[in-house]
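A short worksheet on the structure shown next.
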Amino acid sequence: MDSDNDNDFCDNVDSGNVSSGDDGDDDFGMEVDLPSSADRQMDQDDYQYKVLTTDEIVQHQREIIDEANLLLKLPTPTTRILLNHFKWDKEKLLEKYFDDNTDEFFKCAHVINPFNATEAIKQKTSRSQCEECEICFSQLPPDSMAGLECGHRFCMPCWHEYLSTKIVAEGLGQTISCAAHGCDILVDDVTVANLVTDARVRVKYQQLITNSFVECNQLLRWCPSVDCTYAVKVPYAEPRRVHCKCGHVFCFACGENWHDPVKCRWLKKWIKKCDDDSETSNWIAANTKECPRCSVTIEKDGGCNHMVCKNQNCKNEFCWVCLGSWEPHGSSWYNCNRYDEDEAKTARDAQEKLRSSLARYLHYYNRYMNHMQSMKFENKLYASVKQKMEEMQQHNMSWIEVQFLKKAVDILCQCRQTLMYTYVFAYYLKKNNQSMIFEDNQKDLESATEMLSEYLERDITSENLADIKQKVQDKYRYCEKRCSVLLKHVHEGYDKEWWEYTE
């Protein structure tokens, strides 16, 4: 806009975590590995991440702009657009700025080079008695018009309507371009602040540019918990366990619940596979077969054994009973009378391979889901344990003495979460000597975890109080130790490249 006002738009509006329609707001999809065993020994306090409120996010955004401008010395709105273009990577922006052709640099970022001031436009507008709005074609005095450095000018009502539509209806923030047809110059935040008077639209705009800032910045991530408005800021980006102020614990790299020992890329594949397969896999296994030629799944909906594949590129005719070609069956439409089983055996072997693959998937899926379902009872279990703690205090035990129960539930939930993700890890793992050691560790931890769960569900009486306390303490310490052993072994395997994968 034709204005020297560089004040930040966000001074008087709230900010928040909402989805943005701007380009470049997709997840950065970090493809990095879990830290090495040596790195994991480092105390978690050494990974100095911060949990930021939306106001702190806005302040952090200002700080980055100010730091960049110490060298750029550009108008603040221009610097904001440039930083957004470079995904808020200040170093990359400065490198390109000082290395590239200046005009080309600003052109790629869709801003006018501020060093090439459009004096002609300013002189034209100052001499004119009236100007024509390029949208509604009204003749208005210059002070009723506004425009960007590209020279396209529109009346205030047209600007307001245009910007409101882009912000509210289309969900655009940092990537709103000039209203002139074919002009790709971006509208800066100061222009929006001066032209948009509707408080609802202003708040929405600030939410969008704040969200864009977080999603573009590889050192920031919104907490994925429902309705949480916090973001986590990290010193460097890698798969790390971060704990939001809302209580949610997640992996910074992918945003999923913390999933040690499985890596982000395998968890992503697993979640997609579960979404695609789990709801219908059991029914498919019981009621369908695959075409022996193209493997398309076919349901038998009548008594006839003569099957015709509906795949337009296949049209294979085969026998439902033996899966062999239908042609040698002659006119025997209802009963398979083939004597030579060679071809049928080949077809059945292929069918069995597919069934075996499905059975393997269901083995790991069912155990994964079992631990997930158990974890969903966490709140109920905490409530039950709280009641037990109160009962124990009635048996002359102090508040401090009964804290072992809460500690036990914490470790139980931690072990269940670890076990849940070990089945994802195991599903993609090829068999070797180290994988057998892993499975032994997994079995040992699972057995101990189930026993701890059983202890916590027992009724507590004055007669068994001492016995239950000793058993719970011994078992949760054992679970904690075995969980640590399992994770250490898996990460040692990552470091020494023991693990090979099926896909």
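For all residues, glycine too, the Cβ spot is worked out from N, Cα and C.
Given the structure is predicted, the values throughout are model-derived calculations rather than measurements.
As recorded in Swiss-Prot, the features of this protein are as follows:
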- 1-11: compositional bias 'Acidic residues' (COMPBIAS)
- 12-21: compositional bias 'Low complexity' (COMPBIAS)
- 129-340: region 'TRIAD supradomain' (REGION)
- C133, C136, C155, C158: Zn(2+) 1 binding site (BINDING)
- C251, C254, H259, C264: Zn(2+) 4 binding site (BINDING)
- C304: active site (ACT_SITE)
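Feature map: Swiss-Prot annotations on the structure.
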{"residue": "C133", "record": "Zn(2+) 1 binding site", "Cβ neighbours (10 Å)": "19"}
{"residue": "C136", "record": "Zn(2+) 1 binding site", "Cβ neighbours (10 Å)": "12"}
{"residue": "C155", "record": "Zn(2+) 1 binding site", "Cβ neighbours (10 Å)": "21"}
{"residue": "C158", "record": "Zn(2+) 1 binding site", "Cβ neighbours (10 Å)": "19"}
{"residue": "C251", "record": "Zn(2+) 4 binding site", "Cβ neighbours (10 Å)": "23"}
{"residue": "C254", "record": "Zn(2+) 4 binding site", "Cβ neighbours (10 Å)": "22"}
{"residue": "H259", "record": "Zn(2+) 4 binding site", "Cβ neighbours (10 Å)": "24"}
{"residue": "C264", "record": "Zn(2+) 4 binding site", "Cβ neighbours (10 Å)": "20"}
{"residue": "C304", "record": "active site", "Cβ neighbours (10 Å)": "11"}
Q. How many Å separate the Cα atoms of C136 (Zn(2+) 1 binding site) and C251 (Zn(2+) 4 binding site)?
A. 51
Q: With H, G and I counted as helix, E and B as strand and the rest as coil, say where DSSP puts C155 (Zn(2+) 1 binding site).
A: strand
Q | Three-state secondary structure, which DSSP defines for C133 (Zn(2+) 1 binding site) | A | coil
Q. Counting distance between Cα atoms, which of the recorded positions C133, C155, C158, C304 is nearest C254 (Zn(2+) 4 binding site)?
A. C158
**Q.** Beyond the site residues C133, C136, C155, C158: chain residues whose C-beta lies within 8 Å of the centroid, for Zn(2+) 1
**A.** E134, I135, F137, S138, L140, F154, M156, P157, W159
Q: In whole Å, note down how far the CA of C158 (Zn(2+) 1 binding site) lies from the CA of C251 (Zn(2+) 4 binding site).
A: 45
Q. Which of the recorded positions listed here (C133, C155, C158, C304) have a Cα atom within 10 Å of the Cα of H259 (Zn(2+) 4 binding site)?
A. none
Q. If one measures from the C-alpha of C133 (Zn(2+) 1 binding site) to the C-alpha of the residue listed as 'active site', what distance in angstrom results, rounded to a whole number?
A. 74
Q: Quick one: average pLDDT across the region 'TRIAD supradomain' (129-340), no decimals.
A: 85
Q) Whole-number Å distance between the CA of C158 (Zn(2+) 1 binding site) and the CA of C264 (Zn(2+) 4 binding site)? A) 47
(Q) DSSP secondary structure for C251 (Zn(2+) 4 binding site), reduced to helix/strand/coil, please. (A) strand
Q) Which residues, same chain and not among C251, C254, H259, C264, have a CB within 8 angstroms of the centroid of the CB atoms at the recorded Zn(2+) 4 site? A) P239, F250, A253, G255, E256, W258, V262, K263, L267, K268
